[in-house]
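Asks: The following block contains the structure, expressed as structure tokens.
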Amino acid sequence: MLFREALIVSGGFMTQQVAVFLTNIILARGLGPDGFGELAILKNLSTIILLITPLGLDLALLKHASLYRDRPGELGTITATLRAAVMLTNILIVVSTYLYFGDILQNFYPDTKNFAYHCTITLLGISFAADLQITAAIYRISGRITAYTYIVYYAQPTIRMLFTFALIQADFGVDAIIWNITLTAFSTFLTIVWLDKRANFTYAAIPLVDLWKKISKILSESVWMALSIAVYQMMRFADVILLGALASVAATGQYTAASSVAQIISIYPLALSQALGPRIADLYQLGDMEMIAAELRRYVRLASILGGYLFAGVAVFGVDLDLLFGSEFRFSLTLTTLLAAGWYLSATLAPFGYVLSMTGRHRIELAILLLGAVVLLAFLILLIPLYSEVGAALSVLISFALVNTVRCIYVLRVIRQSPLLLAHLLPPLFFLSAAFLCQTVGNYFEVRSFLILLLECLLYTLCAAVIYFGIFATEAEKQKVLLRLRTGSQ
């Protein structure tokens, strides 16, 4: 991927995350903990479908595309067939939810109104979102990822956010918000279909038997990838689903609000890791284990620095998030610290799963994730009735720690050297100390306001920059920063 494309894609991910974050603030302030909690449950239930129904094709196609570099017509026919199959699967899920499963889900969440209807409309939108996931791989393969990024990662979340704001200002409720999400996904799908036609993708005639063989080969790996992704992502949404069932919708709303802020920790690591999977696959084909370790070491260092800065900020200043989401919300230091630690651990070490998935060890990765899922469910069922949202956050942290520890052990076996260093533990500790110091300074004003919170965060950012430049930056990074400062001053 060219630097310009990488910059656009990274900016797209960040734009999407910022838009989602702002949308959550709008929804939380407009709907309160109860309405926001119901939307959170719907979102997390539908995420299960969104992760499974693309059948892992968004990853598998990236791996298999190299086999069809001289046969783009065959690749076009294969991807078109797979997209049609995924769309049909999603339509069947929508129909079955409307006819049967929606009423069952309603019984699990008696505090909500019209939950079955809301599930059906939400899953209708997921049908289009699943296709968009697959087309991301297609446009990346064809070298047209820039146009896709502008539509899906820049325009879609921004438009959705603006319509959400308008609906909340007009005093519309959950029904209108759900329809807004679904219609935005549908309009984005139509835009991508239009882009497909402009891209002039080629399609070759393939005998049905041969087409089935080619598709089966891709699905034999992609299904395992889909299951691995679904199981791991379940560790990110099972907490909300069970919290809504075992505690209350209001507690779910408060937990989701805090979690939406904690997810900011993963923005940069997620963008940074996008090119890591294909890179590891190429290096493994060359047998260059030393370079794989170097790539992982470079990633973990950068992720621990920026992720550590965000971790400490969320953990310490997160207790004042009621100033952002509304006075009905309450956030404890225990909750914000546990959530921040879980997301930091995931953002820093989750890409180690690429080493297993991209080297043919899909089943090992799935087994590890299944172990983590079982542990997570056990702790959620045990701790939520006792500690509500704090119990959910603790359960997630325990399961994330287990999964990533076992992953690291297997990665060490594959590459035969450790990409982890003790120095990687230092950034979050330094940043945490700085955050508490800045909070103490803010407490001298003896007034709680959003302005004071903002000033504390700005002071913390300045301290973090000094820590990075004085302790963690390499000589090359220091020279680059100094060069930019000199250039900017001229």
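The backbone N, Cα and C atoms fix where each Cβ goes, and this holds for glycine too.
Per TrEMBL, transmembrane segment is recorded for 7-28, 40-61, 82-101, 121-139, 151-170, 176-195, 299-319, 331-354, 366-387, 393-412, 424-445, 451-474.
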Asks: Counting only pairs at least 6 apart in sequence, do the transmembrane segment (331-354) and the transmembrane segment (366-387) share 3+ Cβ pairs under 8 Å?
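Replies: With fewer than 3 qualifying Cβ pairs, these stretches do not touch.
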Asks: Could you tell me whether the transmembrane segment (176-195) and the transmembrane segment (151-170) have 3+ CB pairs under 8 A, leaving out pairs under 6 positions apart?
Replies: yes
Asks: For the transmembrane segment (7-28), find every same-chain residue at least 6 residues outside the stretch whose CB is under 8 Å from a CB in it, and list them.
Replies: 1, 35-36, 39, 145-146, 149-150, 152-154, 156-158, 160-161, 164-165, 168, 177, 253, 256-257, 260-261, 263-264, 267-268, 270-272, 274, 324-326, 329
Asks: Residues sitting near the transmembrane segment (366-387): Cβ under 8 Å, six or more positions beyond its termini, same chain?
Replies: 224, 227-228, 231-232, 234-235, 238-239, 242-243, 246-247, 356, 394-396, 398-400, 402-403, 406-407, 410
Asks: Check the transmembrane segment (299-319) against the transmembrane segment (424-445) for contact, please; criterion is three or more CB pairs under 8 Å, pairs 6 or more apart in sequence.
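Replies: Yes, since the transmembrane segment (299-319) and the transmembrane segment (424-445) share at least 3 Cβ pairs closer than 8 Å, they count as touching.
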